[in-house]
């Protein structure tokens, strides 16, 4: 038994390759695909799963890992024979990525097993693995002679065939009943050989050529049949044998076979480009691509496929791939200028600058949210919970891609299938905003484009540094002079992250019966002189920060505040980084809904 065993931190990822001899009466597939559960989404913890991979007898399994993304580790523990130590991802410096070189099994049966421990101290941001397998014919004729002294498979000529082999003999020899050894077939020719005897044998040869069809170059596969006829003659002259001779004639017949692989499988959120060839015929090359800049290819590589002689599209690794396109998060196609205006009377957001913004209406109440996946909206629990009751999906209206509330007339709300509120949210007195977070699931997936794109979730490298400028957006309260009104335009403001101690001090002197409690699941932002803040109607919208690589990520959710934009007061936000595990858990557990 050969064992591949990689242990990463507390996560154990184990693949067994097990040879099994069984008797089956059903046809077995010659290729297939396996991947960790929920791939390309994040894989769950406490997982044990195995796949039985079988190909016809006489074949071995060619296994290629098309993607491996497992948390890297400097230590990979093992206590049995190891085929490889794989972890990390393709670009990680400390990982052990298997690359795209195939792993070849010794036989026609494999057991592929993944085992993950139930404890992972770090937040999981990895998607697991995907692998392709294909049946590869075993060339029995090239195998070395057995060490038991039984001799070669065939005493003279060994002919490899698909899934098996055959023995043949040189001229003048015949195959014995054991179908592997040869014996002399003809003795010395004596006496009279009279009459005419004719023996015809046919041979088939395959070769490739090209033809012109309608003025275009097209690749054809030719099948050439060569018929050879032997005519024997003989006789006696003066009682002496004059020998034996034969005439040889041959007729060549050619049959043109057009190999058509058909249309390649369509790619969701992507397309296919014909790089060379003609009408998806033999030796045509196509390349899959994703709809950039809104989607990127899984693994970062555009897959190219070639039409092979068996009518299948295959990659350079001789496997049939099904590429995937993943959404690009936090990278709007148009940037906002750093004008640092106020949302309380601040600037209108131009189209395509805040594409993750969602407008949420529940009855007569207005709130906001952030797109984080093609079926998921992140918002505040206070937006969807009234009087301690979670609102039904039918009562929640979600609008995307709008920068003006009047646009909802032309853009009907999306169907909501579920509302998930954090189980520890309890704000019956409207003074406890701890765990103010909720997820809204849409019935149908979103196709991302310039006006609608997702926001990234926090990663392990993202931090909340005091003074970092964040951006708040929403359709909430704005002002004009001394007047305040509910804006119909999407507005934004840039405000800095405030030190937690200053956040706490800003609440001192306020009546405890009227002031929510500050917890470690919150942070505040704003300026001590006031004038820049989120306000009523902005609840559930996002407070975003920008990484060094230019990617925007969801740092906070507009939660609560005292006296919008007043001097010495700040806006308070749910700290999204504390809830990444909860968000991923909800999305994983409800992926099939």
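In case you wondered, yes, glycine gets a Cβ from its N, Cα and C as well.
What TrEMBL says about this protein:
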DOMAIN    23-136  domain 'CUB'
BINDING   118  Ca(2+) 1 binding site
BINDING   137, 140, 160  Ca(2+) 2 binding site
MOD_RES   160  (3R)-3-hydroxyasparagine
BINDING   247  Ca(2+) 3 binding site
ACT_SITE  420  active site, charge relay system
ACT_SITE  436  active site, charge relay system
ACT_SITE  539  active site, charge relay system
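Rounded to the nearest whole angstrom, the C-alpha distance between residue 436 (active site, charge relay system) and residue 539 (active site, charge relay system) is 10. Sequence-distant neighbours of residue 137 (Ca(2+) 2 binding site) (same chain, 6+ residues apart, CB-CB distance under 8 A): 58, 59, 160, 162, 163. The record gives 137, 140, 160 for Ca(2+) 2. Within 8 Å of the mean position of their Cβ atoms, the other Cβ atoms in that chain belong to 58, 138, 139, 141, 142, 161, 162, 163, 164, 165.
Residues near residue 420 (active site, charge relay system) in space but far in sequence (CB under 8 A, at least 6 apart, same chain), listed by position: 438, 439, 440, 441, 586, 590. Residue 140 (Ca(2+) 2 binding site) falls within a helical segment according to DSSP. On a Cα basis, residue 539 (active site, charge relay system) lies 70 Å away from residue 140 (Ca(2+) 2 binding site).
Close to residue 539 (active site, charge relay system) in the fold, though at least 6 residues off in sequence, lie 367, 368, 380, 382, 383, 476, 558, 559, 560, each with a CB less than 8 Å from its CB. Take the CB of residue 436 (active site, charge relay system) and look out to 10 A: across all protein chains shown you find 29 other CB atoms.
For the domain 'CUB' (23-136), the model's pLDDT averages out at 66. Neighbour count (other Cβ atoms within 10 Å of the Cβ, all protein chains): 15 for residue 160 (Ca(2+) 2 binding site).
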